[in-house]
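So the structure is just underneath, and the comments pick up after that.
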Amino acid sequence: MGHRLVVVLLLALLVAGAARAAEQAAGEDGIRGGAGADHQEAAGITGGLSRRSFPAGFVFGTAASAYQVEGMALKDGRGPSIWDAFVKTPGEIANNATADVTVDEYHRYKEDVNIMKSMGFDAYRFSISWSRIFPTGTGKVNWKGVAYYNRLINYMLKIGITPYANLYHYDLPEALEVQYGGLLNRKIVEAFADYAEFCFKTFGDRVKNWMTFNEPRVVAALGYDDGNFAPGRCTKCTAGNSATEPYIVAHHLILSHASAVQRYRHKYQHIQKGKIGILLDFVWYEGLTNSTADQAAAQRSRDFHVGWFLHPIIYGEYPKSLQVIVKERLPKFTADEVHMVKGSIDYVGINQYTAYYVRDQQPNATTLPSYSSDWHAAPIYERDGVPIGPRANSDWLYIVPWGLYKAVTYVKEKYGNPTMFLSENGMDDPGNVTIAQGVHDTTRVAYYRSYITKLKEAIDDGANCIGYFAWSLLDNFEWKLGYTSRFGLVYVDFRTLRRYPKMSAYWFRDLVSSKN
């Protein structure tokens, strides 16, 4: 028993020492120097990457969303969003967690922006909570919410962090969902454009980079095809229709995006000199075999994923594969809508994390029509017994750096090489790792090094990519996973909300501060 007690005490001292070292490296002034061995190990292993590896003016930043980091969900005049309603359903979120407080960036924004600055980042891609500005979606303004975003934007500019503002990250005001069905109703187009215009008018003198929606495909598919995200609708759910609703919602999202862009271009862009675009997620799909069927399945998967939104925005119509398969269930654009939608971006953000193999899978007589079954394809995560890549904590996230190269190159070749930036990229660890374990995130360092190397290769091969945003600065509320997933460069103790920079934070500091 004596020997065991000594071992336990030694382990406790080691963990406490690691935690103290990490804590000393964080604080209101950001990263203050070293975190002992972790910093030494991170230093000098950027894999030959530096700022000079990328074009002049290339932007490095981090990304987050309002619902995941702000907290103050029920205070200072903010109205509930569909996610506030969704998390109240027992069993929907791991451990029945909520984002009522999350990492409290609402009060700690200076600390977090200081951390970004100390890491050498140029920009912060944040989102504005629609229901914090308009608690019921339209009408009366919540000026306390406006004041918060003014404080955040002004502080970022004060210390040299460029704001990239996203107008919608999954968090529709619940009042609009209750009033007329939210995104299923065409009224949402004008409501969103009104909200967007208020933001342009209020913040556009300082914000010069706008995004309308983050991952509209996720909004439509997970919210209305399988019901895993708010508002939780699907054919097998309490309410919904997986065969039609995802396409209706996507159509309204595209029109909402284009309507907001139209207002910005007609009324504000020539004065404010800003740019506007949209953020699209893109898993790379690789045919399982070289068979014609599997290669066609891979192309359909790309069409139903990124093409669902980017094809209309670039070419004014849905991909041919969607038109052929979905038929009358796919809404159509009028001539005026085509004119509004086509070309409605100054740039596009690509959120890229992973890649899958796919094989052809044609529906049979028992297959229920749905967005997911319309792909006529099945994702496969290994080939000949070999996984496509190591898996992170999330069951959907495999580490496949070559997928990023192929995704960026595909956007370049398929869509006329639009100006783009990598608007999200990262991996997660389990939520229950200790501080000492969490800050020693060697797998995340290797992930970023390999993915950013592939991004550089794509740029060297001609992709017009102007920036990169890591997801995310902080561990935070990860939607269905609650606090059981950690994507941050900075470890957050969810009990005390203290921030502890991880090895990956020092790695990024070495990368973006290096001029060689």
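The backbone N, Cα and C atoms fix where each Cβ goes, and this holds for glycine too.
Swiss-Prot records a disulfide bond between Cys234 and Cys237, which is the match among Cys199, Cys237. Taking Cα separation as the measure, Cys234 (disulfide bond) is nearest to Asn364 of the recorded positions Asn290, Asn364, Glu424. Sequence-distant neighbours of Cys237 (disulfide bond) (same chain, six or more apart, CB under 8 Å from its CB) are Gly227, listed in sequence order. Counting neighbouring Cβ atoms within 10 Å of each of the glycosylation sites (Asn290, Asn432), the lowest count belongs to Asn290.
When each of the glycosylation sites Asn96, Asn364 is scored by how many other Cβ atoms sit within 10 Å of its Cβ, Asn364 comes out lowest. Nearest Cα neighbour of Asn432 (N-linked glycosylation site) among the listed recorded positions (Asn96, Glu215, Asn290, Asn364): Asn96. Neighbours of Glu215 (active site, proton donor), defined as other CB atoms within 10 A of its CB across all chains, total 23.
In this structure, the C-alpha atom of Glu215 (active site, proton donor) lies 10 angstrom from that of Glu424 (active site, nucleophile). With respect to Asn290 (N-linked glycosylation site), the closest of these recorded positions in Cα terms is Asn364, chosen from Asn96, Asn364, Glu424.
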